[in-house]
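Features reported for this protein in TrEMBL:
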type     : residues : note
DOMAIN   : 109-154  : domain 'Copper amine oxidase N2-terminal'
DOMAIN   : 237-340  : domain 'Copper amine oxidase N3-terminal'
DOMAIN   : 367-764  : domain 'Copper amine oxidase catalytic'
ACT_SITE : Asp444   : active site, proton acceptor
ACT_SITE : Tyr528   : active site, schiff-base intermediate with substrate
MOD_RES  : Tyr528   : 2',4',5'-topaquinone
Amino acid sequence: MLCHVGVASGGGGDEYTQTQICIQRLKARHAATVLAALRSAFGGGAEFSLRHGGRRRRRWESAARWSASGEKSGGSAFILTRDEAIRTYRERGETISGVEIIARTQRSHPLDPLSAAEIAVAVTTVKAAASTPEVRDGMRFVEVALLEPEKNVVALADAYFFPPFQPSLLPGNRNAPIIPTKLPPSRAKLVVYNRQTNETSIWIVEFSEVHADSDTRGGYERGGKLVSSEVVPDVQPAMDAMEFVECEATVKSHPPFIEAMRKRGIDDMDLVTVDPWCAGYYSDADAPSRRIAKPLVFCRTESDNPIENGYARPVEGVHIIVDMQNNTVIEFEDRKLVPLPPSDHLRNYTSGETRGGVDRTDVKPLVINQPQGPSFHVNGYLVEWQKWNFRIGFTPKEGLVLHSVAYVDGNRGRRPIAHRLSFVEMVVPYGDPNEPHYRKNAFDAGEDGLGKNANSLKKGCDCLGVIKYFDAHFTNFTGGVETIENAVCLHEEDHGILWKHRDWRTGLAEVRRSRRLTVSFICTIANYEYGFYWHFYQDGKIEAEVKLTGILSVGALMPGEQRKYGTTIAPSLYAPVHQHFFVTRMDMAVDCKPNEAYNQVVEVNVNTECAGPNNMHNNAFYAEEKLLKSELQAMRDCHPSSARYWIVRNTRTVNRTGQPTGYKLIPGSNCLPLALPEAKFLRRAGFLKHNLWVTSYKNDEMYPGGEFPNQNPRINEGLATWVKQDRSLEETNIVLWYVFGVTHVPRLEDWPVMPVEHIGFMLKIVFLSYIAPDNITTLNNGTHIVLVILQPDGFFDCSPAIDVPLGSEVHTKNGWINY
C-alpha cells in the first residue's frame, strides 16, 4: 500500500494551528492504522478525525489540531510507505502494521521566489568557493534567482505539501514520469561577472535547512552547498545599476569630455547626466572580449532644481565608449558641435511646473469602496480569486512570473491552463539612421533586467481598492541584498458589463457587471516606464497588457533643421520614430496534468467561400483550421484580414459536444520590424521576424535572444535557432512565444511625459463545434469590446493631461492596504 499525506505549514506562537491533511488512495479498512500512525508522529496532544472525501475519489481528509509551541510548530510534510514503515518501526521496536510517517519540514513552495536570507546564503556560498582572494574580490553578482524545479516536483508539492491539496493533478497514466516521494532541496542560480578576469560564470547553489539557535523564532535558517559552476565563454551579462553610476562618474571626470561641454556653454558638471547604453553588436569592436557602454548625454538648465526634466536637452555630437571593466573612457571624439536646444517652458511635468504652473481645478474625488474586503485570498505566493488560482513569482530579468494558472470548474475540479507565464524580452529599435540614434536598440530584459528595475509602489501606486503587495528581493552588484518593497500589486477592478440581455417582448432585463483580478508591476528603464499586467476575468479570459509611458528619447537639431525620421516637438528638439516589441513566453498546460503532453496548436483563419453552389447568395464565409505539426510550420504572423488566431487544445479532453477543449490566443494590435532584414540589431533579435513561434518544451529554452544578448556576436541565437530542430508539436508540452509591438510616431501630445499607450493580447476559452471535417465555428463567452480611438496629433502644443493636479487620483474608502 502506498499512502500519500500532505500537511499544510502551521503557524508559530502559543496558539493552536489548524492543519488540513489530504490522504489519497486510502481505503476504509486502513483508516484506524493511519490514525494510529498520525497520533504516534504528532504525539499525544494531537487530535484527529477522518471524513470521506466523496464517492468518485476514494479520498479521506483529516483535520488535526496541536499546540504550535512544541517541536512541530513549523508544520511538516509526510510520506507513508509500507516497506519503509516496517523497517523503521522494527528499528524503533514499534509495530504499526503497514504504515510509517516520515516527517520533514517544508518551509516554502518550490516555486516561491528566493527570500532575502536565501539570496544572502547563495552569495556567501559562492564567495566561499572562490579559488583565491583575488577571484573573490573581483566577483560581481548580476543575478541571483530561483532555479525552478522540474514539473514533477511541482506536481508533488501541489498535490500533497501545500494547500489547496490537489492529488488529482498527478499523472494517471503509466508512461508519465515518476513523481518523487519527497521534495528535493531548492536551488539558486547565480550569474556572476568577474571584474578581474572579465569572465562570466553560472553557479548553482543548493539550500539546506539547519537548526538555528534556540532564541531564533521559527527554529530554522538556511545553509548552502555549491552544486556546480561553469565559465560561459564569449558573453557579457546584463549591466547593473551600480555600473551606471560608475560610468557617469567616469565620463564626467574625463578632461576631453569636460572641454567638450565647455564648448557648448556647460561649465557646471552637476547639470550633466550620462545615461549608459549597452553597445549592442555592430562590428568586431563590440565583441564581448571587453565590457563596454556607449553613453548618451543630457543637460539640465538649473542645477538647484531636482524636479526638472533631465531628458529635455540632449547633448549631440560627442562619441564616447567606456570600458566598464576598468572604468575608463577608451574612445572619445567631439565630432560635431550641435547647439543645445533652448530651454523649453513646457519641458517639466511635476505639479505646479506645467503649462505655466496652472493645474486644472475641475477634478472631483472618485472613491473606491470595498467595505467587506477583497474577493481574493492570498496564502504566501498562492492567489485564489473566485474560480482562478495561480502562484506569483518574480525574477530579476523578467519581473513578474505566474505559475500554475488554473480554473476551478465545478465538478470537473481544477483545470490547468498554463504552467508558466511571463514577459521574457523587449526590444526598442529606433528608425533614425543618424548618430547616435541608429544604435539605440535596447534589449531591456536581457541587457538590463525588467525585475531589477521594478518600481517600489510605496512611492506612487497606480493600484486602487484593497491591495495586496509583494516585495521583491535582489542582489546588488557587490553581493548585498536589496529589497524592492511593494514591487507587485494585486487588486480587483470593476470592468464595465460582463453580459446583458433584455427580452423585448417581456421587458425582462438581466445584466451582470464584470470584475477582473489584476496582478502587475511597473519598471523604469532610463527615460521610459513600462507597466506589465495580467488580468483574469470571470468569463475565463486572461489578458496580457503592457502600458507604455515615460519620457521620449529625444535628439537635438541644428537651427532650422527638419528630420523626416522623427517629429519636432520643440525648437531644435525632436523625437525619433521607433518601435517597441515585447515577447511573452507561455508554457501551456491546457487541461493537462503535470508531465502530460496532450496539447497541440491549430491556426484558424476565416475565409470567404468561393462563388458557386455552396455560395449562391455570395454571403458565405467560414472558419478553417490548420494543425501546426512542427516548429518550422509554426512560425506565423498576424493576419487581420482573415481574423487569424491560434488555439492550444487538449487532444484527449472533450467538452459536452464531444469536441476537444482549448484556449485561443487572440492577437491585439501588432506590427513587425520596419527595419531592413540586414539591420544589425536583427542579428540578435531574429525572434522579431514573426509574431508567433511555438516550441516543444525544454527547460533551458527560456529567453528568445539567448541568455546573454548583451554584445552578442552570434547570429539568431535563441528562438530562431531552436526551431531549426523542427521538433514535433503533436501531443507535446506546448510553449507559445508571442511577439507583439507598437510603432511609435511621436506627437506633440507625447511631450513632456507620454500618456499611457496600451498594447496586449487575450487568452480565451474556446468551445469547438465541428460543421465539417476541417472547418470550425466558435462560441465565445462574455462581452466583446470593439474600439475605435481618435487621438490628437499636433492639435495641442504638449500633453493636455499634464496639468492634472496631484491628489486627483481615485481614493480608496475603508480599504485595506497590503491586505
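Don't overthink the numbers, they just go from 1 along the chain as shown.
Cβ atoms here come from the backbone N, Cα and C positions, even for glycine.
Note that this is a predicted model, so its numbers are computed, not measured.
Shown are the active-site residues Asp444, Tyr528; the one with the most C-beta atoms within 10 angstroms of its own C-beta is Asp444.
According to DSSP, the secondary structure content of the domain 'Copper amine oxidase N2-terminal' (109-154) in residues is 23 helix, 9 strand, 14 coil.
When the domain 'Copper amine oxidase N3-terminal' (237-340) is classified with DSSP, helix, strand and coil residues number 27 helix, 26 strand, 51 coil. If you measure from the Cα atom of Asp444 (active site, proton acceptor) to that of the residue listed as 'active site, schiff-base intermediate with substrate', you get 11 Å. Within the model, the domain 'Copper amine oxidase N2-terminal' (109-154) shows a mean pLDDT value of 94, rounded to a whole number. Secondary structure from DSSP puts Asp444 (active site, proton acceptor) in a helix.
DSSP gives the residue listed as 'active site, schiff-base intermediate with substrate' a strand state.
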